Amino acid sequence: MTAEETVNVKEVEIIKLILDFLNSKKLHISMLALEKESGVINGLFSDDMLFLRQLILDGQWDEVLQFIQPLECMEKFDKKRFRYIILKQKFLEALCVNNAMSAEDEPQHLEFTMQEAVQCLHALEEYCPSKDDYSKLCLLLTLPRLTNHAEFKDWNPSTARVHCFEEVCVMVAEFIPADRKLSEAGFKASNNRLFQLVMKGLLYECCVEFCQSKATGEEITESEVLLGIDLLCGNGCDDLDLSLLSWLQNLPSSVFSCAFEQKMLNIHVDKLLKPTKAAYADLLTPLISKLSPYPSSPMRRPQSADAYMTRSLNPALDGLTCGLTSHDKRISDLGNKTSPMSHSFANFHYPGVQNLSRSLMLENTECHSIYEESPERSDTPVEAQQPVSSEAMCQGSGLEKEPANGAQNPVPAKQEKNELRDSTEQFQEYYRQRLRYQQHLEQKEQQRQMYQQMLLEGGVNQEDGPDQQQNLTEQFLNRSIQKLGELNIGMDSLGNEVPVLNQQCSGSKNNGSNNSSVTSFSTPPQDSSQRLIHDTANIHTSTPRNPGSTNHIPFHEDSPCGSQNSSEHSVIKPSPGDSSGNLSRSKGEEDDKSKKQFVCINTLEDTQAVRAVAFHPSGSLYAVGSNSKTLRVCAYPEKMDASAHDNPKQPVVRFKRNKHHKGSIYCVAWSPCGQLLATGSNDKYVKVLPFNAETCNATGPDLEFSMHDGTIRDLAFMEGPESGGAILISAGAGDCNIYTTDCQRGQGLHALSGHTGHILALYTWSGWMIASGSQDKTVRFWDLRVPSCVRVVGTTFHGTGSAVASVAVDPSGRLLATGQEDSSCMLYDIRGGRMVQSYHPHSSDVRSVRFSPGAHYLLTGSYDMKIKVTDLQGDLTKQLPLMVVGEHKDKVIQCRWHTQDLSFLSSSADRTVTLWTYSG
């Protein structure tokens, strides 16, 4: 033994000891916070297991069930047991939300949370091990609090989630193991090792003190040896050296052969008494203030200061040099429980900066309409329309902004007191936000009554002539505009870009036609087409365009709509240059189903569901992202042979990267120049891949952004107005914010807050405008020049509204289309500020909507496994021709038009992505 020895101690191992201790004492809130801050996890897990663990700890139960789908086909995997564990945890958390609200005397909101709990219980029935287990779960519904049950006396969400993972980890460890060459011995602290080391350290200090007393002649009795133990301050023997060991080594061997009495050490531990406030705050904070599924509870951060700070720290407003990509995150969102897979499939969009190519997907005036010989065409029933402004329009999110310098940090002396008041402050903030929401509801009710009164006053008598109808309609609209102006509702910040609606009415009246509709949205007047082309020549939208094209966007001509348009199959007149003739068909043509308008050309099959597809702006490539974490870039065929549809070929894969993300790829998007490919995933990361379209290879390291604290549902690009670089727009679950990122500088720009539910869809146009669709049943328009929300469009025109799963804006920037979870599509006049029509093209969730580059057709994909095209070349206030153009064997997730040809891509849960083309 040398005079100096070295002992290696890793701080990571010390943290693992602490994590093991916190886990053994069920202090899981502190354990998870330490994991997040240190980045250390006590255990040896594979990447897949770590990802599954994070999903469970975040409470993303639908994501967990989807992640584990590949294992469910294996016989050894206990699918029933796994689903029982996950759904039971989901049910208990729903009960926790309900109980917390009932404890706060909010009976008017119980129906929302109780409905969620009952749905979870219903799903659990088929997976319960026995009827007794199911009966016990049913009994929990009758208790005023979940913690009143003896089995759940100390239940809290954080501890329950940790135990949930430990239980399922044993089940899936065999299928997704860690490195088999490694042992957990060097990676995991266990058996309460920290406590053992503390006790051994105390005994060591006692031994040192006793030996020193013997050497110096100081008398210490045997009973006094352990009396001087001080765990916090020690006994003065603080020097870390090997003197004791060196002394023992110099003792003769005969000393160790002496007989001695073996003594037992009894350890009495005074257990920690947790404060009751801490436990109750834990029940309330993660599940009520952020994750509650009902609208009266804020679904974002429970403390408004965080949201205020986010808004006040905009670089454009405060001159900061960087964005908010690294601001603190809270645990992920559990709210907005919806139908299966409803928030799993995001849509992606791709902005373009060039004009359309010469073919314009065969939409020019020299091509035949795709509806001329369609065997599956149908007319969509039009719901009762209300030609009024949107149900909800407001500036920003409705919360008052507070400057960043307005919040003063508490002095250290008051820090402990402030921490004790956290729970009370959260309650106060919750009630403040609830009051704001109630005031908002009262305002909406007043607007609804006003609209109803205006309809009664301005209703059109069917016996009146068309001229009188026109006058009544104009009077009604003028009163609507006046009332809405008084309520300060609208997109005032857009200025001259929003024409007055009554001027549109006057223009329609002066056309000389007997049109009973207020405005023809199908086409602008002929004499204004050049002006519109000039206005939109430089518009950049999320629709990809051909870089080499110089042609202008063609616009439609006005189509007069007389009373004959009310027939079952309306006659829609084509534009003057269209050679397609009359688009209506005879009964014989309707019965002929032998000819398909669109046929399958290429089909790519994956091992799991394919979520995301995106055409390169040039149209020569398209990107595919799937649940298997694989990113592919495929070649678009140079020659389209529609006659070979009976035997579709596999596309040529030019680029492939396995495990591009740790989780499923939810969305993909190309930059306007086509040199960047962005992907979003449920691993909460956005990756931007520099890509060379000519060589089909990555040209540099990936850019990785981690500003989101939930699944990224959608991505879109727009060209930066100042730097010329690509600006990435991303949104999803978690904090429900929209983030803008300068990809050239790798810096965050803005964090746009306002939505109160998962953001499912994004779309960009005009170089600064963004449309977002959300689980909160609204569409919001954002102007990056401000930057803030400039308009809110609700979906509650009919019934209770529905979550918005997809949004799109036509190339002219005049018309918004939405796809919603109640199987409906909404067409909304952006400039006029009113809904044009809401119709139901599908029988299930509409997950994808896209305008063709010429805005002649609207492509929709749905969970009903069908892909349909709506003809927009007529009066959009009337019934619209509809045609089935494709079908999958499972849910359709995304559909995207080609940039030039009359072709489109569709992705599906049947694990395929299909390229369809017009058969002519």
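Backbone N, Cα and C atoms are what each Cβ position is placed from, and that goes for glycine too.
Per Swiss-Prot, the feature compositional bias 'Basic and acidic residues' maps to 371-380. The compositional bias 'Low complexity' feature in Swiss-Prot is assigned to 506-523. Residues annotated as compositional bias 'Polar residues' in Swiss-Prot: 538-552. Taken from Swiss-Prot, the feature domain 'LisH' applies to 10-42, supported by sequence analysis. Per Swiss-Prot, domain 'CTLH' is recorded for 45-102, and the stated evidence type is sequence analysis. The feature region 'Disordered' is assigned by Swiss-Prot to 371-422, 501-594. The annotation repeat 'WD 1' is assigned in Swiss-Prot to 605-644. If you look up Swiss-Prot, you'll see 660-699 marked as repeat 'WD 2'. What Swiss-Prot lists as repeat 'WD 3' is 707-749. Residues annotated as repeat 'WD 4' in Swiss-Prot: 754-792. As annotated by Swiss-Prot, repeat 'WD 5' applies to 799-838. Annotated repeat 'WD 6' per Swiss-Prot: 841-880, in sequence order. Annotation source Swiss-Prot lists repeat 'WD 7' at 887-919.
Segment contact holds for the repeat 'WD 6' (841-880) and the repeat 'WD 7' (887-919), given three or more CB pairs below 8 angstroms at sequence separation of 6 or more. With helix defined as DSSP H, G or I and strand as E or B, the repeat 'WD 4' (754-792) counts 0 helix, 24 strand, 15 coil. For the repeat 'WD 1' (605-644), the list of distant contacts is 66, 69-70, 344-346, 348, 350, 352, 354, 357, 544-547, 599, 650-670, 672-674, 677, 679, 681, 689, 691, 693, 696, 890, 893-894, 896-901, 903, 905-913, 915, 917-920: same-chain residues at least six beyond its ends, Cβ to Cβ under 8 Å. Under DSSP, residues within the repeat 'WD 6' (841-880) fall into helix, strand and coil as 0 helix, 18 strand, 22 coil. Counting residues per DSSP class in helix, strand and coil order gives 25 helix, 0 strand, 8 coil for the domain 'LisH' (10-42).
Confidence across the repeat 'WD 5' (799-838), taken as the mean pLDDT and rounded to a whole number, stands at 92.
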